[in-house]
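J.: Just passing along the structure, written as structure tokens.
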Amino acid sequence: MQRFIKWLAVITSLDLLIVLLGGALVTKTGSGQGCGKSWPLCNGEFVPSNLSMETIIELSHRLTSGSAGILVTLLCILSWKYYKHVRETKTLAILSFVFLVAQALMGAAAVVWGQMPAVLAIHFGISLISFASVILLTCLIFEIDQKFDARSLIMDKKMKFHIYGVTIYSYIVVYTGALVRHERASLACPDFPLCSKNRPMPTQLHEWVQMGHRVAAMLIFAWILYAMILAIRHYKQQPVVYWGWIISFILVTLQAIVGILVVFTNASLSMALLHSLFISCLFAVLCYLVMLGTRSKVNAKEAASISKQTK
């Protein structure tokens, strides 16, 4: 059964990643109304008779979201049953399921009633939490903690501050990026790093949305760089923290490069999807570090208790 659960966890993680990228594809191609205002039917039909490209994209996104719902539900039930001895299992299972349902309902509401771009931007963030929760659940199932000796990890307050701070802030950056997509502001500023050679400062809403995201992205790049330097200096003996921050910096660097290329490739589809891919992976890594941070306090108390007993 454990082998089956491992396969299920991997397939579920991949399916949720496809859901995230599919949502970005729907937004990028303007396929949100590919099935009209019908939900769960498509243009009022179970199998649509007229298949335009927008209909195929929207319908594919609905199908992958539906399969993800089934897989996540099954994974939550089995992990709850067979891995309940691991402290975070129940919490992650609940988060995975609740946020997947929330993003499905929000997607359905957007189709039937429509939503403002500021509200639609939350949709990606909700999906991202479900994806990260399933990734963490998968890590627990594969016992990644034991391989990195993460269960005995103790971090100082400074490192935990950076972990929690960067993760929360990354969610804000994700929202600003999703808002750029939904406001159709990807090409509002044709130059980089400033908005335009003729007008360095933004003058209208779409330009402010674009430049706001750029500033937020630059700040998270600098913050992760600083945290990585701290990890390299002080956590070489803790490989999970050491490599966690190095991987985070690699991902945020790739994210920044692709973000710049989005501007200079006229917002090409491949660059837009890579942009969504890298931020999804980065958020999952940061959430894993958050989980380690919550354990650190427990580990410190246990170490102090053992120390008192030995005295």
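Each Cβ is built from the backbone N, Cα and C atoms, and glycine gets one as well.
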J.: Under the topology that Swiss-Prot records, do R3 and T265 share one side of the membrane?
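T.: No - Swiss-Prot names a different topological domain for R3 than for T265.
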J.: C189 pairs with which of C139, C195 in a disulfide, per Swiss-Prot?
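T.: Here Swiss-Prot pairs C189 in a disulfide with C195.
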J.: Could you pull the disulfide partner of C42 out of C35, C76, going by Swiss-Prot?
T.: C35
J.: Using a 10 Å cut-off, grab the number of neighbouring Cβ atoms around the Cβ of C195 (disulfide bond), all chains included.
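T.: If we count other Cβ atoms within 10 Å of C195 (disulfide bond), we arrive at 20.
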J.: What same-chain residues lie close to the topological domain 'Cytoplasmic' (84-91): Cβ under 8 Å, and 6 or more beyond its ends?
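T.: 136-137, 140, 291, 294-295.
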J.: Using C-alpha atoms only, work out the spacing between C189 (disulfide bond) and C42 (disulfide bond) and round it to an integer in Å.
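T.: Cα-Cα, rounded: 36 Å.
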J.: Are there residues at least 6 beyond the ends of the topological domain 'Extracellular' (28-62) whose Cβ is under 8 Å from a Cβ of it, and what are they?
T.: 19, 22, 108, 110-112, 181, 267, 269, 272-273
J.: Using a Cβ cut-off under 8 Å and a sequence separation of 6 or more, which residues in the same chain sit near H61 (heme o binding site)?
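T.: Same-chain residues close to H61 (heme o binding site) (Cβ under 8 Å, separated by 6 or more) are V19, G22, G23, L25, V26, S31.
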J.: May I ask you to report the DSSP-based helix, strand or coil state of C42 (disulfide bond)?
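T.: Going by the DSSP assignment, C42 (disulfide bond) falls within a strand, counted as strand.
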